[in-house]
Amino acid sequence: MSSSFFIPFLVSQILLSLFFSIIILIKKLLRTQITVGTHYYISVISLLALIAPFIPFHFLKSHHFDWILNLGGAQSALSQTHSTDKTTEAIGQHVNWVQDFSLSIEQSSSKMIDSAFFAVWILGVAVMLLATLYSNLKIGKIKKNLQIVNNKELLSLFHTCKEEIRFHQKVILSRSPLIKSPITFGVIRPYIILPKDISMFSADEMKCVLLHELYHCKRKDMLINYFLCLLKIVYWFNPLVWYLSKEAKTEMEISCDFAVLKTLDKKLHLKYGEVILKFTSIKQRTSSLLAASEFSSSYKHIKRRIVTVVNFQTASPLLKAKSALVFTLVLGAILAGTPSVSILAMQKETRFLPGTNVEYEDYSTFFDKFSASGGFVLFNSNRKKYTIYNRKESTSRFAPASTYKVFSALLALESGIITKNDSHMTWDGTQYPYKEWNQDQDLFSAMSSSTTWYFQKLDRQIGEDHLRHYLKSIHYGNEDFSVPADYWLDGSLQISPLEQVNILKKFYDNEFDFKQSNIETVKDSIRLEESNGRVLSGKTGTSVINGELHAGWFIGYVETADNTFFFAVHIQGEKRAAGSSAAEIALSILDKKGIYPSVSR
């Protein structure tokens with residue numbers, strides 16, 4: 001997946017907005033076919049889906065929308081004219097294979113655009129946060145100026161109402177000169193604030209008001225109010241979020257009205273409607289960002305509340321059954337769809353370890369030498385134990401660069417495109433920045449000099465459909481084949497160091513059930529050297545963006561007389577992040593652990 005923020009986030013918003021549009025349509029079509037409570041709960045759970053883009057569903061995968069993501073991810077083109085010779089000096093005795101052969105990727109201005117949109121979004125969030133805090137200063141002012149109710153008759157009525165709805169949490173009942181309509185706020189310590197002048201209301205009318213506000217407290221509607229404010233801050237740019245939030249607030253009041261009507265005697269139903277109208281006539285103007293529940297509503301929505309009162313009747317078993325069915329279907333759709341939205345919005349896919357034998361060690365000094373960050377993963381076959389440095393980097397996905405050529409070669413062999421003894425390809429005369437590339441190649445020379453044009457030609461002969469099937473069958477990283485010939489260079493295909501180690505082990509043990517002769521051929525092509533009876537095999541990879549070293553890989557394994565160690569190093573930085581650097585880090589760590597001693601030490 002792309003490391004871009006804006007495009008994946010935008011795609012998630014498009015998908016969520018489409019989902020919200022469908023939900024709104026369903027609610028309108030089924031307005032009288034489901035209960036008022038179901039309408040409210042559907043709105044709430046639909047809005048809960050907006051959390052999904054920020055939830056890391058690490059163990060779920062979705063490829064339904066990869067084609068959309070690729071519109072904005074890693075928009076780059078392979079540039080031969082801007083290729084940069086980044087060949088470094090060899091490391092000690094490894095002079096024969098530690099070199100950086102790589103073509104530069106010319107990255108478009110998408111990162112600048114992405115950063116600009118990200119800045120605009122953050123600015124909008126900051127403005128909305130300030131506006132929300134300012135709007136909710138009213139609650140602080142009300143608290144400072146409230147007067148605790150000490151009227152015995154009113155307190156008696158208040159406690160009677162609490163008993164009727166079986167609600168026993170402590171609630172502070174107060175009055176304030178700053179409001180004209182009853183208001184409720186607070187979660188841990190709920191407040192019900194009445195207007196200062198309550199003499200105009202009869203006992204029955206006051207009972208209607210108290211029951212309504214107490215139901216808000218009992219149902220913890222204040223949590224929903226805070227949640228709706230948070231959504232408006234984060235998704236300030238999405239009109240559907242604002243619309244659905246407003247609907248949820250109205251339906252919250254309607255469902256409270258319905259609960260009150262079920263509690264009241266039927267003869268008081270008309271009185272309840274009159275109370276709603278009375279407070280609406282004196283409603284004061286308040287902000288939609290206020291994290292509180294007001295008894296009064298806007299004139300536009302008061303009609304819906306009055307219709308609920310006039311048409312009130314207890315839900316029939318059939319209506320309850322239909323409501324339960326619709327709610328279950330909507331909930332199922334949300335649970336099924338939100339992991340995909342989460343993966344779309346994540347900047348970098350991460351795969352965590354399952355319940356395995358893992359130890360963490362600090363190898364930061366080896367990475368600090370190159371002023372770069374990175375991750376290291378080692379797997380001990382005999383002990384079935386992982387050793388990891390930097391869990392986050394080791395389980396995050398990156399473009400595989402030339403390390404993918406190991407599996408490109410394997411597929412070409414399996415497909416019959418080449419064989420061990422017949423893998424020759426003729427150079428077409430195109431001038432490349434490395435003399436090793438400007439000549440005919442076979443599998444072994446191409447793997448040794450990491451000749452990109454050779455493996456691109458193999459991929460073209462294999463075909464896109466076969467490549468897609470292959471990537472999925474071996475579960476290579478994110479399995480994203482999007483840009484023919486360039487997908488392992490431009491970042492659409494990505495894999496983590498942990499996944500590199502695991503797939504190398506599967507390759508080594510032939511868990512793919514390929515021809516063993518093809519496995520052995522690839523093993524021979526990546527065999528690097530032998531030291532003290534131990535054999536080192538592996539492949540480096542270097543990412544060069546806009547002519548600058550960007551990242552480096554070194555993956556491989558060490559065979560001893562009685563064990564095999566699989567490893568992967570990924571390094572990224574601004575100056576010295578290359579395959580040769582990753583190789584030096586890996587060899588230093590392997591030497592320190594006594595797995596592959598350096599000849600020079």
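Cβ atoms are placed via backbone N, Cα and C, with glycine included.
Membrane topology taken from Swiss-Prot puts Phe54 and Phe444 on a shared side. When the ranges 221-237, 323-339 are checked against Swiss-Prot, the one recorded as transmembrane segment is 323-339. Here the listed stretches are 9-26, 36-52, 116-133, and the one with the most C-beta pairs under 8 angstroms to the transmembrane segment (323-339) is 36-52. Residues 5-6, 9-10, 229, 232-234, 236-237, 289, 291 of the same chain, all 6+ positions outside the transmembrane segment (116-133), place their C-beta atoms under 8 angstroms from a C-beta of that stretch.
Remote same-chain residues near the transmembrane segment (36-52) are listed as 12, 16, 19-20, 23, 26-27, 224, 227-228, 231, 234-235, 241, 244-245, 247-248, 251-252, 254-255, 258, 308, 323-324, 326-327, 330-331, 334, 337-339, 341-342, 345 (criterion: CB distance under 8 Å, separation of at least six residues from the stretch ends). For the topological domain 'Cytoplasmic' (134-322), the model's average pLDDT works out to 87.
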